[in-house]
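Trainee: Pasting in a structure now, in C-alpha cells, and then I'll have a few things to ask.
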Amino acid sequence: MSMENPRPLPPPMAPLPVHPPIAPIPIPVPPSTSAAADDDEAGYEVSDDHRAARERHERAVQELLQRRRAYAMAVPTNDSAVRTRLRRLSEPITLFGEREMERRDRLRALMVRLEADAQFDRLLRAQEDEQGAPDDDDTEQIQYPFFTEGTNQLLQARLDIAMYSLPRAKARVDRAKRRLADPDEDPEAEAGLVVKQAGDFVLECSEVGDDRPLTGCSFSGDASMLATSSWSGIIKVWSMPQITKIATLKGHRERATDVAFSPVDNCLATASADKTAKLWNSDGSLLMSFDGHLDRLARVAFHPSGKYLGTASFDKTWRLWDINTGTELLLQEGHSRSVYGVSFHPDGSLAASCGLDANARVWDLRSGRLYCTLIGHVKPVLGVSFSPNGHLVATASEDNFCRIWDLRTRQMLYSIPAHKSLISYVKFEPQEGYYLATSSYDTKAALWSTRDCKAIKSLAGHESKVTSLDISGDGQQIVTVSHDRTIKIWSCRGSARDNEMKLD
C-alpha cells in the first residue's frame, strides 16, 4: 500500500514590531483652592463658580454641625442663671433691647464657639463657679413673695363684694332653672319677639352735643337723664326725651374720655386725659376726685352695687376705688400694654379689662385671682361687656370683629365681622341680653342677635366716627355719640305706636 506525499506547511509568520510606550503629555494645572483640591488632583480644570459653590456647601455643613452641637448643649433655662453664667464667662449679661430667649441663645452660641476653639477650661471653670456659689435666687423668692399683700380696706371690700354677689348669683341661677322648668315660659319665643322689636329702631332725634367731638355717653338708671363727654373736657347732663341741657360739669384740665351714671343713684363718674377720674352730682357739683394713675384714662365703669368705681388707664393698669372715701382699693396689673376698657359682671363678682395688647382678662373680685384670659383678637381690644345671663361676655376690637365668649367653658362661641372699621364700643341689651349693640368708626352702629349672631339693624345717621353708645334700662332707647359732635337717640317706641295706629 503506497503512502501519499504530505502537503507542505506554510512558512512561519514574521513577528510583529513592538512600539515603545507613549509618554503622557503634561497638562498645566493652575494653583487650586482647598474646595477644589480633589478635582485638581484628578487633572480637571475647575471653574470659579464651581469652586464658590463648593465653599458655600462646606460652610453650610459646618453651620449645621454647629447648630446640632448647640441644641445638644445644656444651657440654663432660668434667666438669672443665664446672666450668672455670662458673667462667669466675662461677657455682658445683657444687651440693649435683648430679651430672655435672645440672651439664652447668645449664651448657647458663646458656649459652642468656646468648644470649637478648644477653650474647655473656661467652660469648666464657669460651671464649677456656679456649683460652688450659693443660690441667691431661692432666698430672694422666699423673702419676697410674688404677690402683693393687700390692705385691710381691700379685704373688707372683697368681703362686701362677696356678700353682695352670692345672693344675686343664686337668684339668677334659680330664675334660669325656673324658666326652663315652667311649661308656660318660652325663652325662644321671647327672644324672637325682642329681636323683632329691635329691628324697629329708628332715629327719633338728634342734637349737637358740644363744639368738640364727643367721646362718651350714659343713660341714668331710669333713663330720665343722659350724660355726654367731649374733647373740650366738659361733661353735659341732658333731660330726656327732649334732650334739654340741665347741667354743665367743668373740672377736667384736658379732654374727657368717658362718662358713666351710677346704677343706684343720680351721681356720675368721668374719666379724662389729665390722669384723673371725678365723681359728680347730677346738678353739677363735684363730689370727689380720684388721683393716682400715671397716664391718661380711657374708660370708667361703676360696680353694680354703686359703691366702687373702676378706671382703665394707659399706664397698663386698671384700678378699683371706693367712692365713699376716695381710697384706691386695688391697683391691678396684668396687661402688657395700655388698658382701654373695664366692665363689671351683673352679679358684681367679676371684672373684665381689655387693652391694646389684643387681650381681655376676667378677674375674680372676691379672691383677686385671674379667672381667664380671652385670646383671639389680633389687634387692640377697645370694649368689653357682660351679658345679663351671667355666662356670656362680648369684646370689640380694632380688627373690626366682635367676639362672644362663654365664661363656663372659657372658649369663644362666635366671631362676628361686624364693621368695616374698628369697633369702639359694645354692650348687651340690659334686660335678658337677647341682642347686643356695637359702634364703629365706619360712622354706623349695629344690632346683633345673640342667639345666632345675625345682623338685626344698622343704625346709620352719623357723618363721622361713632365713639360710644348706651342702651336704656328698659331696652327701648339707644343713644350714640360721634366725632360729628351730635347726639342721636334711636327708639323703637315710635314704631310700636305706628303699628298700633295701623292696626286701629
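Cβ coordinates come from backbone N, Cα and C, glycine included.
TrEMBL annotations: computationally assigned, not manually curated.
From TrEMBL, for reference:
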type	residues	note
DOMAIN	77-126	domain 'Pre-mRNA processing factor 4 (PRP4)-like'
REGION	24-44	region 'Disordered'
REPEAT	249-281	repeat 'WD'
REPEAT	290-331	repeat 'WD'
REPEAT	332-373	repeat 'WD'
REPEAT	374-415	repeat 'WD'
REPEAT	416-458	repeat 'WD'
REPEAT	459-491	repeat 'WD'
Trainee: For the repeat 'WD' (374-415), what does DSSP give as the number of helix, strand and coil residues?
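Mentor: Residue counts for the repeat 'WD' (374-415) by secondary structure: 0 helix, 25 strand, 17 coil.
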Trainee: Other than its close neighbours in sequence, what residues sit by the repeat 'WD' (332-373), given a CB gap under 8 Å and a spacing of at least six beyond its ends?
Mentor: 150, 158, 161-162, 164-166, 168-169, 172, 295, 298-305, 310-320, 379-388, 390, 393, 395, 397, 407, 410
Trainee: Taking only the residues in the repeat 'WD' (416-458), give me the average pLDDT of this model.
Mentor: 94
